[in-house]
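A quick write-up on the structure given underneath.
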């Protein structure tokens, strides 16, 4: 793996990989390089002072490494959850907003889809930034910007004007001046585009290969948890404080979360803060400052060394992109339109529509973790081929979800609870992609390019998912709110999207 190299006399080189794994190069050893699995082994063989400094708890402690891991991943989970909550909040608030300003389904589709346009515009730049700059700093900037955009959402919505088309008893209106709201939602999507590339880079550095499926599934579970939280608490906030104050509260929560993220997280498992500068002063500190580097040098490195052509020509990457696109069509529509489906199809109010939307998110979180855990066990203990495991779980994800949606499309149930059960099963099965293309990204690229590779495979998916949200609004207007067509189309796209993955994907690493 890409790792740090420290020069420490009389040892020529000590390379810090990840917790409990060091690579030692010593002039006093027969072997040129020795791989030592535990820090204690290094300490026993290097310096009694260093060993003592570790044992008495004043310098390098194993507990510090564990604390850093837990702190980083807990805060990462919260940030991912908040990203989903802030995004999904609009799908709930759009109901009272559309009533207040007289918005059609087409306009609601524009408001929901423009977030994804901003997200797509930021996907590639975010992947490039996390390849050469510290991902925790990139993440902090993203959280700050999308939190301010969340706060600005009701301010720009207040600028919408509802103009009467003709003066009748039942006045028809058309909303105008929605551009400010669309712009701020696009900015919010642009800011949130840093989250997954940053997390991909963090996981590539901190998580062992045999545990990455579960790590990815946990992150995806955080998004489902945020979605569930949005459906759970937003209706109450809407009723108690109004939709405007709901956005103010969510934006403030993001700014508050920035404080522990900036103060208590680190980019690598071992940093200068975990080592006593009196023992390892120059090597550690020089490396830390070197990591910042010159901005223009880093841009030149991106221009000269980014494997653009190889990524675009890889059949496996194309297969991952197709699966990602099919997933996003269904995911984006689910996030944007599920409460509206319950409201229009069954006449439910905001609270009841949101509550029925919770169970798919629960199923998504549990399904992803189950898939990640099972995939890791098959790879680590079952000796399964990596390519086979990824194809199996991606097939379950898209084909299983398609089966549920085709059933729903064939006949929209009379009872909302039956539709809820089918949508819950669809989302739960779709979450198996965490052990499909989601984890495959970590295996196809090394630490440096994992964030960029995710961005490259997600960009067409973001565009396709955005098109799906807008197209759904148009379909509903044109068909008189016929939801069977919406779900039948999504099922068909799932089936088409999984075919390239089953044919072309392979689990071999291509980009270091």
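Glycine is no exception: its Cβ is also placed from the backbone N, Cα and C atoms.
Heads up, TrEMBL stuff is auto-annotated, nobody curated it.
What TrEMBL records for 72-509 is domain 'Major facilitator superfamily (MFS) profile'.
As annotated by TrEMBL, transmembrane segment applies to 68-90 (among others). Tertiary neighbourhood of the transmembrane segment (68-90): same-chain residues 19, 111-112, 115, 139, 143, 146-147, 150, 153, 185, 188, 192, 195, 199, 202, 206, 218-219, 222-227, 229-231, 234, 246-247, 250-251, 253-254, 257, 260-261, 264-266, 269, 274, 335-336, selected by CB-CB distance under 8 Å and a gap of 6+ residues from either end.
Within the chain, the transmembrane segment (111-131) has long-range Cβ neighbours (under 8 A, six or more residues past its boundaries) at 87, 90-91, 94, 103, 138, 142, 178, 181-182, 185-194, 197-198, 200-201, 302, 306, 332, 336-337, 448-449, 451-456, 458-459, 462-463, 465-467, 469-470, 473. Annotated transmembrane segment per TrEMBL: 111-131 (among others), in sequence order.
Cβ atoms under 8 Å from those of the transmembrane segment (137-157) belong to residues 79, 82-83, 86, 89-90, 97, 101, 126, 129-130, 180-181, 183-185, 187-188, 190-195, 197-198, 243-244, 247-248, 250-255, 257-258, 261-262 of the same chain, restricted to positions at least 6 beyond its ends. Look at TrEMBL and you will find 137-157 (among others) tagged as transmembrane segment.
For 214-234 (among others), the entry in TrEMBL reads transmembrane segment. Residues of the same chain lying 6 or more positions beyond the ends of the transmembrane segment (214-234) and with a Cβ under 8 Å from any Cβ of it are 73, 76-78, 80-85, 88-89, 92-93, 196, 199, 203, 207, 246, 335, 339, 354-355, 357-358, 361-362, 364-366, 368-373, 375-376, 431, 433-435, 438-439, 441-442.
Outside the transmembrane segment (246-264), and at least 6 residues removed from its termini, the chain residues within Cβ reach (under 8 Å) are 71, 75, 78-79, 82, 85-86, 89, 93, 136, 139-140, 143-144, 146-154, 234, 237-238. According to TrEMBL, the transmembrane segment annotation covers 246-264 (among others).
Per TrEMBL, the feature transmembrane segment maps to 358-380 (among others).
Marked as transmembrane segment by TrEMBL: 418-440 (among others).
Annotation source TrEMBL lists transmembrane segment at 452-473 (among others). Beyond its flanks by at least six residues, the transmembrane segment (452-473) meets 105-110, 112-113, 116-117, 119-120, 123-124, 126-128, 130-131, 193, 196-197, 200, 306, 311-312, 317, 320-321, 324-333, 336-337, 437, 441, 444-445, 486, 490, 493, 511 of its own chain at Cβ-Cβ distances under 8 Å.
TrEMBL lists 485-505 (among others) with the feature transmembrane segment.
Sequence-distant contacts of the transmembrane segment (485-505), counting only residues of its own chain at least 6 positions beyond either end whose CB sits under 8 Å from a CB of the stretch, comprise 315-316, 318-320, 322-323, 325-327, 329-330, 333, 337, 387, 390-391, 394-395, 397-399, 401-403, 405-406, 408-410, 436-437, 440, 468, 472, 475-476, 479. Residues 212-213, 216-217, 220-221, 224, 316, 320, 323-324, 327, 330-331, 334, 338, 341-342, 345-346, 356, 359-369, 371-372, 374-375, 389-391, 393-398, 400-401, 404-405, 407-408, 412, 457, 501, 505, 507 of the same chain, all 6+ positions outside the transmembrane segment (418-440), place their C-beta atoms under 8 angstroms from a C-beta of that stretch.
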